[in-house]
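Here's what Swiss-Prot has on this protein:
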ACT_SITE  Lys70  active site, proton acceptor
BINDING   Ser19, Leu20, Ser21, Thr66, Asn91, Asp107, Tyr230  shikimate binding site
BINDING   Gly129, Ser130, Gly131, Gly132, Ala133, Leu228, Gly251  NADP(+) binding site
Amino acid sequence: MITSKTSFLALIGNPVSHSLSPIMQNAAIQYLGLDLIYMAIPCKNEDLEIVVNSIKKMNCKGLNITIPFKQKVFDMCSEISPVAKKVKAINTLKLNDNKNWIGTNTDIDGFIYPLKNLNLIKKSSLILGSGGAARSVIQGLIELKLSKITIISRKRNSLNELITNFKNDIEIKGLLSTNNEIKNLIQETDLIINTTPVGMSNTTNTDELPFGQGFWDSINSKTIVYDLIYNPSPTPFLKFCDKKGCMTIDGTQMLIAQGAKSLSFWTNGLEVPYEVMHDALKEYL
């Protein structure tokens, strides 16, 4: 029951109307018996600083930050975790005793969750896309001790930036999507991760595969294919790879695991029920 003493958690982004976070977070909150409510707050770019700073003065226990603000909140934090600094993205904020924001990133934990029991040590990986999500993926692969990473993108500048940021941590290279090496790489790689929005619901390329279907003719049935998109589930890319005999993973587990890690962060280490969050999403969808 919501009372005058109920505290709140919120997701800040633009847009947020598609978000599933309130469904799974409120299910976990209810299960744990916490006097909290989680909601999504849309925010215009020009209003971000006003909104985030105003919330500090309310009965708020923490925030999730999503696109397009994961880098823009850095200047609003008095303390930032090492992992958030490394991937240059914050997705979770919590107020300290002085009512200042502490920023961290739980996307890495979320990304790792469905992979941690697959023994990927010394394996090779291919990342599709060089945007913000690729940073968390690279950091996660480093923590899983893979041997090398190749990033495929249409954008040379962002490729170079990622390589510069991570070249001291793992063997990493970037290729433009037109490179002739890619066909052989697709055939030989152990793990492929899609970080692009291609195939996502409510986009102009809902039915497409990253870089086009012909790009994937050489894919090997032994390859694990992981698409960070969770709506639709499965994506056209995962359907295609499943027909090729690949093991496939959608973004649902990452979504839940990063959310559980955020809720644990806000509640000072409370054990959060993954299955409760999963069941709530399954029922909703």
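Backbone N, Cα and C atoms are what each Cβ position is placed from, and that goes for glycine too.
Structure with Swiss-Prot features highlighted.
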residue : record                 : Cβ contacts under 8 Å, 6 or more apart
Ser19   : shikimate binding site : Leu11, Gly13, Ala40, Thr66
Leu20   : shikimate binding site : Tyr230, Asn231, Leu255, Leu281, Tyr284, Leu285
Asn91   : shikimate binding site : Asn64, Ile65, Thr66, Lys70, Thr104, Asn105, Thr106, Asp107, Gln258, Ser262
Ser130  : NADP(+) binding site   : Ile151, Ser153, Lys155, Ser158, Leu159, Glu161, Leu162, Gly174
Gly131  : NADP(+) binding site   : Ser158, Thr195, Thr196
Gly132  : NADP(+) binding site   : Ile67, Lys70, Gln71, Lys88, Ala89
Ala133  : NADP(+) binding site   : Asp107, Thr195, Leu228
Gly251  : NADP(+) binding site   : Asp227, Leu228, Ile229, Tyr230, Ser233
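Compute the center of the Cβ atoms of Ser19, Leu20, Ser21, Thr66, Asn91, Asp107, Tyr230, which mark the site for shikimate; besides them, the chain residues with Cβ within 8 Å of that center are Leu11, Asn64, Leu255, Gln258, Gly259. Spread of the NADP(+) binding residues is 17 Å (greatest Cα-Cα distance among Gly129, Ser130, Gly131, Gly132, Ala133, Leu228, Gly251). Spacing of Gly129 (NADP(+) binding site) relative to Ser21 (shikimate binding site) is 24 Å (Cα to Cα, whole number). Within the same chain, residues at least six positions away from Ser21 (shikimate binding site) with a Cβ under 8 Å of its Cβ are Leu11, Tyr38, Ala40, Asn64, Leu255, Gly259.
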